[in-house]
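Asks: Below: one structure in structure tokens.
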Amino acid sequence: MEKVLALVLLTLAVAYAAPDPRGLIINLDNGELCLNSAQCKSQCCQHDSPLGLARCADKARENSGCSPQTIYGIYYLCPCERGLTCDGDKSIIGAITNTNYGICQDPQSKK
């Protein structure tokens, strides 16, 4: 038990001693491998194929392809930037398979 406690304390000491503000698990920059969008500074963890590695990426800009926010936290197309909405077809199957795609639009410019 004492060895386990010493190992945990040593691990914590090494983690806190690292001067780099970039995280190893959270606060990841674009291009770094991720498992969930919560790990990324941009809040988007994107992959190109079901078997591809996911990497942090920028959120979708106006008139770009997008995915609505999902509970999965990994996207084929990133959700829209703040203030934009992802307009597109939505279906139950698309929600399950994470393939509901749309275009980022500014809700203020719609009439």
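Cβ coordinates are placed from backbone N, Cα and C, and glycine is handled just like the others.
What Swiss-Prot lists as signal peptide is 1-17. The disulfide bond annotation in Swiss-Prot covers Cys34-Cys45, Cys40-Cys56, Cys44-Cys78, Cys66-Cys86, Cys80-Cys104 and is backed by sequence analysis.
Could you place the listed features in the three-dimensional structure?
Replies: Cβ-based neighbour count (10 Å, all protein chains) for Cys45 (disulfide bond) stands at 24. The secondary structure of Cys45 (disulfide bond), as reduced to three states from DSSP, is extended strand.
The Cβ neighbour count for Cys56 (disulfide bond), using a 10 Å radius and every protein chain shown, is 22.
Its Cβ placed at the centre, Cys44 (disulfide bond) has 26 other Cβ atoms within 10 Å.
Cβ contacts within 10 Å of Cys86 (disulfide bond), excluding its own Cβ and spanning all protein chains shown: 22.
When Cβ atoms from all protein chains are considered, those within 10 Å of Cys80 (disulfide bond) total 26, not counting its own.
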Asks: Let's check the environment of Cys66 (disulfide bond): how many other CB atoms sit within 10 Å of its CB?
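Replies: If we count other Cβ atoms within 10 Å of Cys66 (disulfide bond), we arrive at 28.
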Asks: Need this for a regression test: disulfide-bonded residues Cys44, Cys45, Cys86, filtered to those with Cα within 10 Å of Cys56 (disulfide bond). What's left?
Replies: Cys44, Cys45
Asks: Considering only the disulfide-bonded residues Cys34, Cys66, Cys86, Cys104, which fall within 10 Å of Cys44 (disulfide bond) when distances are taken between Cα atoms?
Replies: Cys34
